[in-house]
Every structure is written in C-alpha cells, then in structure tokens.
C-alpha cells in the first residue's frame with residue numbers, strides 16, 4: 001500500500017536507489033580549485049562510495065535522501081556540496097545543517113572548516129550548553145555562511161530572529177533517524193516552516209523508520225535516493241579479535257595487561273553504561289594508569305576539554321559510551337577495545353568503523369565472557385566478518 005512511505009521506500013526497510021551516476025575522482029566533480037585544495041589537504045585521495053554518488057546530485061541542487069551509516073564519509077559528502085554552492089561574497093547564512101548531538105555538530109563544523117580552509121567560508125556551531133548571549137553577539141556581528149547545530153538551539157535562534165532564513169538555500173539533516181528518536185520532531189518541523197519553500201533538502205539516515213519517511217514525504221520534492229550498503233561501511237582493513245575473559249571481574253586485569261599495547265597509538269575503550277565508565281576510570285587511576293573518560297552526564301565544557309586533549313594526542317586512552325561513538329572521529333585511533341560488547345549489534349560498526357576509516361588500518365579487541373559468546377557470533381554473522389582469538393603478538397599489528 002502507498003501509505004507506508006514514498007515510492008522506493010518502505011518503513012524500516014532499505015531504500016531503492018534511483019541515481020546511478022558514479023564519479024570516482026574529486027577532480028571530475030566540477031569543484032572549485034580552492035575547495036579541491038582543501039579536500040586533498042584534509043587527506044582524502046579518492047571519494048568513498050557515498051561521495052562518488054551523492055556529491056553530484058547535491059551540487060546540482062536536487063533534494064537527496066542518502067541511507068548511510070557513519071564511517072562512510074557522509075559528513076564530507078554534504079560539507080563538500082555546501083562549500084561548492086556557497087557564494088562567499090554574500091555575507092549571509094546560506095546553509096543549515098542539523099545533527100542529533102553537540103559532539104556531532106562540532107565534528108561537522110570542524111570538517112567544514114578544514115575542507116573550506118582555502119576558501120574563507122565561515123561556519124558556526126549552534127549548540128545547547130553554550131552561552132546564548134555570546135552566540136547572539138556572534139550571529140549579529142556577521143552572519144556565518146554555514147550554521148551547524150542541534151535542533152533546539154537552531155530553532156531558538158531562528159525563532160528569535162538572530163538567524164535569518166532569507167538566504168538559506170540548502171538544509172541538511174544528518175542522522176535523521178537519531179534526531180527523530182531523540183524527540184526533536186517538533187523542532188525540526190518548526191524549522192522547516194521557517195525556511196523558504198524552495199530550499200534544497202538533503203537528508204542522511206542510517207535507518208528509515210516511518211517518522212523519517214514522513215519528513216521525506218512532507219518536505220522533499222522528487223528526491224534522489226541513494227543507498228550505501230552496509231558492506232561499503234568499512235570493517236575492511238580492521239583486524240578483529242576477541243579475548244576470552246570468562247568472567248566479568250577478570251576484564252579489569254586483562255585491560256591493565258593490555259595497557260602498554262594501548263598506548264602505542266591512541267585507543268578508545270567502549271563501555272555500556274555511564275556509571276561503569278566512571279567505575280573503570282577510577283579503577284585504572286587507582287592502579288596508576290593514565291586514562292581519560294567521557295560520557296553524557298558530563299557538561300559540555302568538560303567534554304570539549306577531554307576531546308581536545310584526545311584529538312591532540314596528549315591523552316592516549318579514552319573510555320566512553322555508545323552515545324559518543326558517533327561523535328568521535330580521531331584520525332590516529334587505530335585500536336578500539338570493546339570492554340563490553342555493544343547491547344545492539346548495529347553499534348558495533350559505529351565503534352569499530354571509526355578505528356580504520358577509508359582503508360586506514362585498525363585493530364579491534366572484544367572482551368568476551370561466557371555469556372557474551374553468542375552475541376559475538378551474532379555480530380560475526382550480522383556483518384559477515386570473522387573475529388579471531390587475539391594472538392600474543394598483537395602489539396606488532398597496531
């Protein structure tokens with residue numbers, strides 16, 4: 001029946017692509033010289049699957065729905081598309097990006113700024129947990145070309161007219177499924193009402209629940225649909241191991257034994273609950289191991305400091321929860337440890353797929369108790385991948 005969703009899109013299903021053009025080099029995308037410089041300086045060589053497919057229709061001004069997970073290069077896809085379309089001489093906000101978390105919004109802002117480094121484009125992150133007055137002053141002084149933000153704060157700024165929709169020609173919703181599941185639906189609908197009806201809409205989502213389909217149906221015109229399949233998400237190049245710890249209480253000693261190996265590069269350790277993050281951090285500190293920790297109960301300032309230290313390499317081991325798996329994108333991380341296996345298997349790729357993006361090599365180590373064995377097999381089957389017992393010389397692989 002047609003009421004389930006638009007053509008080619010079933011609720012909770014996988015969308016059907018209706019765009020088959022593939023451009024496999026950034027040079028062939030008709031991008032400006034200064035943008036190309038930024039792309040290559042950022043370390044990209046060849047566009048990823050989603051970039052090969054989605055940048056062109058975005059630049060041509062089509063509404064685009066892309067079904068893709070993090071780790072596929074989706075942020076750069078819309079960042080490049082926005083930067084290509086901005087009129088630099090027009091000192092007005094021309095693109096608006098919404099993201100579900102502050103971390104992700106800041107991450108996107110960093111990518112936009114890095115890629116637009118040689119263009120002089122301005123991009124401001126509009127997020128909760130920061131000083132409203134300072135933000136208002138900034139927006140009033142000079143409207144940034146691009147705003148990236150969380151729905152609540154962005155709507156607030158539009159509503160109070162500190163942010164003008166007049167010249168916004170491109171509206172991007174990143175991780176739309178996450179935003180809607182976090183209860184931002186009303187704010188998102190309100191933001192749509194404030195934008196011009198001819199604003200280009202680009203929507204990215206890992207899954208397509210009915211509330212995401214509703215947005216596409218209500219606010220998008222004849223959208224181009226692009227699917228980047230799960231297997232194009234890289235577990236490739238990532239060596240995955242498990243350690244048989246038998247019992248939960250033996251994980252701590254195992255982690256301490258691994259500590260030397262962790263600090264060869266930078267490592268992220270994933271835990272399933274915030275309280276346990278604090279518990280493990282305390283235990284590690286008590287044994288004189290240096291680790292930093294981050295989770296959703298911390299305030300924004302604290303999280304920023306920790307991320308900064310980790311990005312700069314001054315802190316080497318970060319303990320965190322899934323909430324932040326999507327907001328951590330650290331080039332140097334080549335080791336991920338699942339102290340706890342993820343409670344849902346989709347999160348496995350969010351955790352691991354960061355370690356070795358775009359062919360960067362990485363190692364993932366899963367700590368497995370007796371009870372976890374089934375879950376591990378389940379993950380192997382789901383991703384059609386193999387997870388072997390960790391060899392003794394694991395340090396040589398990192």
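We number each residue from 1, going along the chain as drawn.
Positions of Cβ are set from backbone N, Cα and C atoms, glycine also.
The annotation domain 'Helicase ATP-binding' is assigned in Swiss-Prot to 55-226.
With a 10 A radius on its CB, residue 69 (ATP binding site) counts 22 other CB atoms from all the protein chains. Reduced to three states, the DSSP call for residue 69 (ATP binding site) is coil. What Swiss-Prot lists as ATP binding site is 68, 69, 70, 71, 72, 73, 74, 75, and the listing cites sequence analysis.
The feature SUMO2 cross-link is assigned by Swiss-Prot to 138 (among others). Sequence-distant contacts of residue 138 (SUMO2 cross-link), defined as residues of its own chain at least six apart whose C-beta falls under 8 angstroms from its C-beta, comprise 124.
Annotation comment: Swiss-Prot describes 174-177 as motif 'DEAD box'. Same-chain residues lying 6 or more positions outside the motif 'DEAD box' (174-177) and placing a CB less than 8 Å from one of its CB atoms are 70, 74-75, 78, 97-100, 104, 108, 203-209, 212, 215, 326.
If you look up Swiss-Prot, you'll see 217 (among others) marked as SUMO2 cross-link, on the strength of similarity to another entry. The number of other Cβ atoms within 10 Å of the Cβ belonging to residue 217 (SUMO2 cross-link), over all protein chains shown, comes to 14.
As annotated by Swiss-Prot, SUMO2 cross-link applies to 230 (among others).
Among the features that Swiss-Prot reports, domain 'Helicase C-terminal' is placed at 237-398, with the record citing sequence analysis.
Taken from Swiss-Prot, the feature SUMO2 cross-link applies to 301 (among others), supported by similarity to another entry. On its own chain, residue 301 (SUMO2 cross-link) has no residue at least 6 apart in sequence with a Cβ closer than 8 Å to its own Cβ. According to its DSSP assignment, residue 301 (SUMO2 cross-link) is helical.
Swiss-Prot lists 361 (among others) with the feature SUMO2 cross-link, giving similarity to another entry as the kind of evidence.
According to its DSSP assignment, residue 373 (SUMO2 cross-link) is helical. Every protein chain considered, the tally of other Cβ atoms within 10 Å of the Cβ of residue 373 (SUMO2 cross-link) stands at 13. Per Swiss-Prot, the feature SUMO2 cross-link maps to 373 (among others).
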Could you check the binding-site residues 72, 75 and say which one's CB has the most other CB atoms within 10 Å?
72
Work out, from DSSP, the number of helix, strand and coil residues along the motif 'DEAD box' (174-177).
2 helix, 0 strand, 2 coil
Which residues in the same chain, at least 6 apart in sequence, have a Cβ under 8 Å from the Cβ of residue 74 (ATP binding site)?
50, 54, 66, 68, 174, 204, 228
